[in-house]
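According to TrEMBL, the protein carries these features:
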type     : residues  : note
DOMAIN   : B:19-230  : domain 'MacB-like periplasmic core'
DOMAIN   : B:266-384 : domain 'ABC3 transporter permease C-terminal'
DOMAIN   : B:490-687 : domain 'MacB-like periplasmic core'
DOMAIN   : B:721-835 : domain 'ABC3 transporter permease C-terminal'
TRANSMEM : B:260-287 : transmembrane segment
TRANSMEM : B:308-334 : transmembrane segment
TRANSMEM : B:354-376 : transmembrane segment
TRANSMEM : B:407-426 : transmembrane segment
TRANSMEM : B:432-457 : transmembrane segment
TRANSMEM : B:491-511 : transmembrane segment
TRANSMEM : B:716-742 : transmembrane segment
TRANSMEM : B:763-790 : transmembrane segment
TRANSMEM : B:802-822 : transmembrane segment
Amino acid sequence: MSSEQRLDAARPAPSSTVAGVPTARVAARTVDLAKVYGRGEAAVRALDGVTLDIHAGRFTAVMGPSGSGKSTLMHCLAGLDDATSGQVSLGGTELTGLSDRELTKLRRDRVGFVFQAFNLLPQLTAQENITLPLELAGRQPDSGWLAEIVTVLGLAQRLRHRPAELSGGQQQRVAVARALVTRPDVVFADEPTGNLDSRSGNELLGFLRSSVQDYGQTIVMVTHDPVAASYADRVVLLADGQLAGEIYRPTPDSVLDALKRLGA
Amino acid sequence: MTVFRSVLAEVRQRPARLLLTGLAVLVATAFAAGTLLFTDTLRATVRDGVSGVPEGAAVVVDARHPAAGETAEGGPEGLDPALATRVAELPGVADTRAVREGPVALARTGGTADPGYWRVVSDSFQGSLSSYQILRGSAPSGPGEVALTREAADRLGLGVGDRVVLRPGADAADREVTVTALTLGPFLEGSGTVVAPDDTAAELGARSVSRLLVAAQPGVAPAELTKHVANLVSGQGKAHDAGQLRQERLAEHVRSFDQVLVLLSIFTGMAMVSAAIVVAATFRIVVAQRRRQTALLRCVGAGRGQVVASLLAEAALSGLVAGVLGAVLAWLLGQGTVALVRNWLDQPQLHLQVSLGGLVLCVGLAVLVTVLAAVLPAVSGSRVPPVAALGAAPTVDVGQGVTRLRWVLAGLLATGSGGLAALALATSRGDLPTLTAVACSGMLAFGALAAAAPIILSRLARLLAWLVQDLGKIPLRVAVGNVLRMPRRTAATTLVLALGVAMVSAVLVGVSSARASVDEQLAGSRPAALVISPAFPDGPGIAPEVVSELRALPAAGYVTASTETRAGVGDVRGLARGTELSEFPPLRRGVVYEGALTDLGPGRVGLYKDVAERLGKHAGDQLTLHKDGRRVTLTVAAVYRNAGSLGSFALNPTDLAALDPSARVTRVLLDPAPNHDRNQLRAAVDRALAGNTNVVVQAPGDERAAFEEISRVATLIALGLVGITVLVAVVGVGTTLSLSVVERTQESGLLRALGLQRAGVAAALAWEAVLFGGSAAVLGITAGTGYGVLTLTAMSVFEVIAIPYEQLVVVALGLVALLLVASAGPARRASRTTPLQALATE
């Protein structure tokens, strides 16, 4: 696809190869990642040797039954949680071994988040919520870029409102704008449509899709909804903390089939 | 029962929470229990202390006129010394002792007389009729040996073996004596007492018998004996039953302690009210946090009454724990203090008095206050609709729509408060109704503030945030948002804080005004670097040769000697002083209401303000002064304020001499010569007057230092009392912040996920504390200063009102610092929030 090639050329290539895994552009990567909660008999292996590349400029959905480790995988990738063993890298930076301070800075500058529960600060206006990560970094917002995402997300008339005065769909669009405003390496979305009605949900997924298409944004979305997953370029399936397959150019039906095979 | 079980389960799950809600009550209870322990201990100490009436006395005969009323001309009044022998012959009398007493001047060897009032008292130092107990050294036995009370010795820096000069009267000779012992005298009677055996005391000026102590034989009823003695001494003195006298004395002291207890109770009450406000705010938070849980309980069938009951039961338990801990804390502090004081003073009688009933009462009070404070939050908390259990329910303040009602209420209260304040100012009589008006005005103002607080505070917080906006970006913005989000919660805590700060500010205004007034008074009454006065007020005054010697000192600049006599206009009598103002220009600096002090001179008179008011005289009027049939008619030249140096009537010495040819010189004022300083002048005067025990040399600086000491202690006590309320409030802010941290876990997590460093999360909480503190400081200092000034003006307590701006700034900064300390724990907890907690939906 020509637009993808153009984007590939426009974006600087991140560090390219890990031994034996040939790929052109990787936004994030895990190698033999394991995460164990608890100790001794009560130990739970949430992730058990996951090796995965997240392609840059693509929309990746992570799916799996409850307890499959999909959320834990996202937390590790986003620098929210540390790995028990194995490696995680984001945009060429090795995350394992970074201090809390460095991880915080990395999240601030190179990661965007969209949560299920919207998670806006109630005391700030929509605009203040959107520019929060930039302010935390002490950077000035790029006014052209800000205007563009605000317009695209249909928030131009809502910037001075506080979260309590916005609908759920609007709140989640504010969260998306906040995630995009720093032009992060990766946007992580955790069940972003979980609290939305289906119309707002589809609208939001459309926005996420077009941010990948139009701006070359890398997005990783955790979801259990096959319809939501069908907006992605690729679906990664997880079961019992291990990779259980992947689907390129998914449709709701193909995702549903795959999940059924996993026994979800 | 179910209710109580669920409370216990809640407590088991979060034991710290129980303590947290009751922390403010703990502090207040500790204060209440401490007050009780303190007054009980004080009372017991007095009861067990050496009484003014010795143990062995059954009957006490006091002279009709106190020995201090003895005049220079008349012979010694008091009891006939032979009375002792006559009383001793009465049936049933075992022993008698005549106590002699008389004024004396005391000086260090080679110095001038000490400014204090001194007396010589006789005592036997042994047996059951002795009033003085030897603490150090051995009882004085021969002539030239005396004992001093420990208080007096401490004040002068004297010890056993030191020598001092005593002068029994203006016309008597100096006697150098040795201090052989330090004694413990009757409570509050030892500040200037020299104790000696009978003969020595008589020689040293204890000429009159002021008291006769009578011991009874075993089996004799004191009341019966008192009757016999009374018959014998009637006309000369009054016989008291010693037991009764002791009881009366004790009752007097206890009454004064009861007054202390009442005063302390007022502050205890304020601390308790503050604690109640804090507890109510805390419970409101707890209830808000449990909204979901309460709704769930309601879903499964709990009645509203059950929900309220469970919250109140929790409050009672919290109050009980806080009360018991508070009482224990007070007891521990009391033990520590007593141990400390015992090391300091040799007061073997000091034992901590613990009345179990009183402590139980304190604990009961703590429970009551906590439960009462929890009623409103519990009732409003039970109003959660069961359906709230199903949806996400963010915490919001209820009752935001009553802004207009708040304004109206606040306006009414403020108007009432202003009216009362105006009334108090208009009357300014300094009597009880005026004080009541001021107090009521203060209470109404507090009510107005309480009504309008949520609105005022949000504006104030925004203003403060705007002032400091360049200092902190995101953390500050988050903090402002959090403060504004819960206006009622913020208001409650800030209000208590402001109340504490207001009391502290008012105390500081009072103290600084007192200091300024004393300064002015000292400047007025002691306008000179040195003031020389006679050691014996009824003596012949300062000898003319002493005056000329002082005038001749090279170190002396302005010198003036003023004469005095008592004179009157009609039946208004007062001290008339003859001063040549031209000799001592600084005297003209006094505060004048009418006329001018420069106009004083022969034929003119100056009047002290009160005297002028009583006489109805003004500058330019004429009046006639009379003394023993002599009359002088003078024109009023000035009405002034400071009577200390000019007297009630300020005359020229020639006019005074016309009124009273025998008027004595009673005051010499000296200022240093231009090229000399005060110390050189003091040294020269001390040299010139060395060994003259007939005069007292005083420098205003000495008095100033003595006043400073008293005012420092008084300030510390006052600040300690009002500080408890501040402490309760600070604890309240700490509690509120801790609970808010729990409430905002998700938000903190979000900020961390978005890239705010740990320090940033902590900073947001610190900023919140700063905003609390800043708002409370602004409100409290404004109100406290205003009411301090109002009270002082209306009560006409002090002549000068001084606002201690630097101290108030220190109070504001101190408060903010205190709150930062209180916020440190919650801030640390908040900064430990992990970004993952932002993702947890519940």
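Every residue gets a Cβ built from N, Cα and C, even glycine.
Caution: TrEMBL annotation is automatic and unverified by curators.
Scored on C-beta pairs under 8 angstroms, the neighbour of the transmembrane segment (B:432-457) with the top count among B:407-426, B:491-511, B:716-742, B:763-790, B:802-822 is B:407-426.
Highlighted: of the candidate stretches B:407-426, B:491-511, B:763-790, B:802-822, B:491-511 has the greatest count of Cβ pairs under 8 Å to the transmembrane segment (B:716-742). As a whole-number mean, the pLDDT of the domain 'ABC3 transporter permease C-terminal' (B:266-384) in this prediction is 82.
Comparison of B:407-426, B:763-790, B:802-822 by number of C-beta pairs under 8 angstroms to the transmembrane segment (B:491-511) places B:763-790 first.
Here the transmembrane segment (B:763-790) has long-range neighbours at 421, 424-425, 438, 441-442, 445-446, 449, 456-457, 460-461, 464-465, 468, 472, 474-476, 478-480, 482-483, 490, 493-494, 497-510, 513, 729, 733, 737, 740-741, 751, 801, 803, 808, 811-812, 815-816, 818-820, 822-823, 826-827, 830, meaning same-chain residues at least 6 beyond its ends whose C-beta is under 8 angstroms from one of its own.
Tertiary neighbourhood of the transmembrane segment (B:802-822): same-chain residues 497, 501, 504-505, 508-509, 511-513, 515-516, 726, 730-731, 733-734, 737, 766, 769-770, 772-774, 776-778, 781, 785, 789, selected by CB-CB distance under 8 Å and a gap of 6+ residues from either end.
Beyond its flanks by at least six residues, the transmembrane segment (B:407-426) meets 434, 437-438, 440-442, 444-445, 447-449, 451-452, 455, 790, 793-794 of its own chain at Cβ-Cβ distances under 8 Å.
Residue counts of the domain 'ABC3 transporter permease C-terminal' (B:266-384) by helix, strand and coil are 100 helix, 0 strand, 19 coil (DSSP-based). Across the domain 'ABC3 transporter permease C-terminal' (B:721-835), DSSP helix (H, G, I), strand (E, B) and coil residues number 98 helix, 0 strand, 17 coil.
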